[in-house]
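**Student:** Feature table excerpt (TrEMBL):
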COMPBIAS  215-225  compositional bias 'Polar residues'
COMPBIAS  229-239  compositional bias 'Acidic residues'
COMPBIAS  240-264  compositional bias 'Basic and acidic residues'
DISULFID  C842-C852  disulfide bond
DISULFID  C860-C869  disulfide bond
DOMAIN    601-689  domain 'Ig-like'
DOMAIN    838-870  domain 'EGF-like'
REGION    215-265  region 'Disordered'
Amino acid sequence: MKQPYLVARLGGPDPLDYISMYANPGDENRGIPPHWHYISYGLSDLHGDGRVHDHNFRCNTNEGPSGFGFELTFRLKRESGETNPPTWPATLMQALARYVFQTENILYSGDHVPWHMPLDGSESRIQHMLMAEDAQLLPITTPFGVVNFVQIIGVCEEELRAAQHWNGPGVIELIRSQGCAGGPWLITDMRRGETIFEVEPHLQDQVEQGIETEGSNLSGVNSRCSWEEPGENGDDYYNEDMKDNRTVDERRNSNEIDRPRISDFESEQIKATLQKGLQFPRRDSREFEYDNTRRKQSFDSIGSSEGPTELLRTRTLDFVHLKFNLEAGSLLPLALKGRLRHGRHFTFMSALNDTAVTLVSTSVNGSIADENHPFAAHGPWLQVLLTDDFIEEMIVDTEELVHPDEIMCPKTYSWPERRLMITILPDEANFSQIKKMTSPPQYLILVLCAVAGRTHLQETGCSGNGKIIKENQLSVCKGSWSGHISNSSHLCAPGWGVCSHKEQHLLSLIHWKQATAIRGCYAINAAQDGGRCRECRDTMDTDDLAGIGKDCPHRNVGQTSCIRGGRIDASCCVDAYFHTACHQTSDITGVVCCKVKGQKPQILVRPREKLVESESNIFLLSCQSSGFPPPTIHWYRNGRQITATGKGRVSIISTGDLLFTLPKKSDTGLYSCEVVNEHGMDMASTKVVIKGSYSGCRDGSTEGFADHKDVHACKGKWEGHVKKGRSLCQRGWRVCSPRDQASLRYISWIDIFDLQGCYAYDAENTRGKCKRCTSGKMAGVGRQCDRMRHSKSSCLASGRMDVFKSKDNNNGCSYKEGVTTGVLCCRKKGHKQVDNQKTAVCAAKCENGGTCIKPNVCECPPGYKGATCHIAICEGGCGPFATCVKPGRCRCKKGYVGKKCRKKVKHECLRYCMKSCPSGNCTCPKYGKSCEKVLWTHRNRLKS
């Protein structure tokens with residue numbers, strides 16, 4: 001079947017023309033279950049006339065990609081008795097396609113997509129996606145180009161994390177090896193309750209080994225981090241032998257400590273650069289080695305810039321003190337082993353401000369630090385270059401960070417001879433209070449000059465040096481960047497961007513004579529291989545980086561390209577082979593910037609119409625949007641704007657998302673997200689319903705274990721034996737005892753240490769056995785209980801915890817002021833949870849397991865229907881001579897037999913019938929068709 005949509009080209013919201021859904025029978029012999037197979041149509045070029053995909057530069061050839069070059073597929077395990085395919089995968093594929101159309105980011109095999117919610121909107125653990133090549137559908141060549149088929153695989157949180165820390169293709173192969181997780185055809189099972197690492201623990205060892213030998217694809221994280229030069233704020237972190245003999249005043253006068261304050265304008269430019277990071281062009285799902293001989297010293301080139309960019313020059317530091325919270329510090333071994341050891345980089349981005357710390361190895365191309373100056377800063381962005389021997393030394397010294405639970409913070413690692421110090425702080429440390437560098441009065445004039453010159457900078461289209469070259473639409477801008485040319489947008493002024501193949505209508509305004517008259521060589525984010533103007537990528541047929549300028553190394557008059565009258569390449573030929581395609585070379589002076597048209601904001605992923613959560617949950621409402629200038633996000637509740645940032649149960653976080661922290665029922669309402677810029681607005685709403693959490697305590701509150709279904713901690717006093725503490729428990733609950741051991745074993749030590757106080761229950765731990773409390777060894781849970789032993793056996797799954805110390809036997813099994821906080825209540829077996837909210841009432845009882853969901857409305861289980869679920873359903877029906885008595889079971893009506901109840905029963909006269917039965921028919925109509933009415937009468941006569 002095909003699911004049609006109102007596509008975007010016709011004014012609708014959906015980018016895909018349609019999605020086909022097939023019933024695949026699978027292959028039982030190969031362990032491939034029956035499943036639904038979904039295939040998209042619309043990411044590739046279906047028409048070839050330019051109405052959806054740009055077809056102007058294909059030159060009537062089918063060698064290149066068709067449209068985006070791929071279509072999406074998805075395989076969903078088919079449930080027993082399922083006759084129609086679920087439609088939610090189609091909605092998911094439309095959302096992914098919308099992302100591709102809006103960002104033009106192509107999905108490749110090995111990519112991962114964090115989704116952070118069940119793919120089908122249920123309670124499933126399948127909440128993220130990996131991309132792989134479809135197991136059946138091979139690439140095809142159409143009249144409009146080549147199409148690959150990229151299959152979506154639903155994965156759990158732990159499997160996504162493994163793909164991020166190691167790589168996508170490696171984890172996909174592990175999933176392929178497990179039939180329960182996907183099997184050879186990578187079929188998604190939304191009912192899967194275990195990860196591949198829970199089914200086969202040794203697979204986790206394979207992931208760790210892969211990180212060790214192949215490296216990690218995780219290039220950075222958002223974290224809490226900061227950096228500073230020791231001594232700049234009056235703090236003395238290093239030993240005397242690490243300092244030079246000059247005074248602080250002398251060093252200040254030599255311009256080594258204090259620097260000019262960066263204005264808000266330059267700060268925004270740096271922030272944009274930090275958001276890009278050290279990015280590299282997409283590779284075929286694998287990392288690459290860098291060529292040291294082609295490594296560019298951006299440190300030197302930036303230092304030689306002129307004019308107002310003097311404020312943004314890279315500066316070197318003598319020594320550096322890095323600070324990370326414990327969560328970020330625990331990733332330091334992964335960064336060293338999985339990234340830097342393999343010649344890559346790793347970035348810690350601050351979640352609180354624009355600070356960033358990038359660790360780079362000596363093989364990384366485009367870094368602003370080098371071996372002679374290992375610490376280089378560009379505004380709040382610090383790069384730390386680590387040599388190979390120093391990386392190995394740090395791996396040994398920081399190995400303990402792999403087990404963060406065992407670290408006592410603060411923890412400081414110091415390498416005096418390397419002039420580096422790293423401090424690991426507790427996660428709750430207040431990084432926002434860390435002091436920032438201040439500017440001395442003598443630099444204030446420079447800052448004011450830079451701010452005053454802002455208008456001039458914007459008029460040139462450049463953030464630094466540059467000039468307009470065409471009708472206030474095109475500029476050439478000097479400067480350097482790291483990695484792919486797409487990272488060079490900081491060289492353009494706000495409202496401008498690096499010209500690419502998408503702006504060929506502007507680039508075609510540049511003619512050959514003008515292009516060759518410009519001094520220098522300015523790159524364009526486009527490839528001109530084969531005379532076409534396409535996206536510049538790290539492949540052998542798209543690595544000829546376009547450019548203009550008399551100093552570009554390759555100029556050919558008359559050839560077709562992105563400009564008119566000839567072809568100019570800023571770099572070319574074998575850059576993809578050396579993994580430096582689309583990067584800056586020594587010949588390149590800067591980039592060509594184009595005036596960017598404004599774009600109306602649009603919310604990328606629409607939220608669900610209704611979201612139901614409980615009071616004990618923490619969750620986010622996301623509002624990801626696109627638009628230029630970047631839109632401002634506003635949140636509303638029932639029409640009133642939400643202004644809380646970081647405080648209260650409902651607050652707006654720095655990403656613009658709405659965070660709910662342990663909300664209450666009163667927070668139920670209609671929440672709307674509004675994104676606005678000067679070109680328009682977009683809005684989306686969702687109804688949030690907060691359900692009251694059920695409590696096992698008499699007073700309706702729960703001091704602890706609110707997430708546990710059958711065990712709650714209830715605060716209060718009682719008189720006598722601990723079992724009398726049931727007065728603190730809700731109806732249907734009792735004080736926990738050995739007969740509730742199955743529920744008690746779900747309590748972990750993490751739960752116990754999160755529970756303030758000490759809560760007793762009717763048990764004692766005697767010689768490793770769990771018995772009722774009769775002496776002074778009363779069992780309890782809570783971080784204030786007097787005796788804890790992790791290695792002993794008890795009623796808990798592991799460890800032993802007693803309310804009183806062993807010397808306090810006189811306390812017995814009763815309440816003691818200052819020691820016992822309350823009791824532990826357990827749900828009685830067979831007692832169903834009663835929701836504190838009003839429940840629906842049905843006048844007629846719902847039969848056969850039906851549930852009353854609304855007043856006089858029953859929700860029937862599979863196999864039943866009717867107002868009270870009293871009618872059984874037999875698939876295909878039972879025919880006119882039978883009745884459906886149970887799901888799938890028919891009973892013949894009286895007088896009919898046979899498999900389909902179509903055969904009439906031949907009547908036989910009963911034994912005691914006094915009449916004859918000629919031709920097989922009884923002749924006793926007064927006594928029933930078979931004389932059954934006179935059976936007992938005639939039988940009695942015979943006996944008498």
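Yeah, the Cβs are placed from backbone N, Cα and C, and that goes for glycine too.
Could you place the listed features in the three-dimensional structure?
**Tutor:** Away from its own ends, the compositional bias 'Polar residues' (215-225) comes close to residues 163-168, 277-278, 287, 322-325, 327-328, 331, 334, 337-339, 341-342, 344-352, 355-358, 425, 427, 429, 431 of its chain (Cβ-Cβ under 8 Å, at least six residues beyond either end).
A simple way to gauge crowding: the CB of C852 (disulfide bond) has 18 other CB atoms within 10 angstroms, across all the protein chains here.
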**Student:** Over the domain 'Ig-like' (601-689), what does the predicted model average in pLDDT?
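**Tutor:** Within the domain 'Ig-like' (601-689), the model's average pLDDT equals 83.
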**Student:** Could you state the CA-to-CA distance between C842 (disulfide bond) and C869 (disulfide bond) to the nearest Å?
**Tutor:** 12
**Student:** So which one is it: of the disulfide-bonded residues C842, C860, C869, which has the fewest other Cβ atoms within 10 Å?
**Tutor:** C842
**Student:** Do me a favour and check the Cα-Cα span between C852 (disulfide bond) and C869 (disulfide bond); whole Å is fine.
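**Tutor:** That separation, Cα to Cα, works out to 10 Å.
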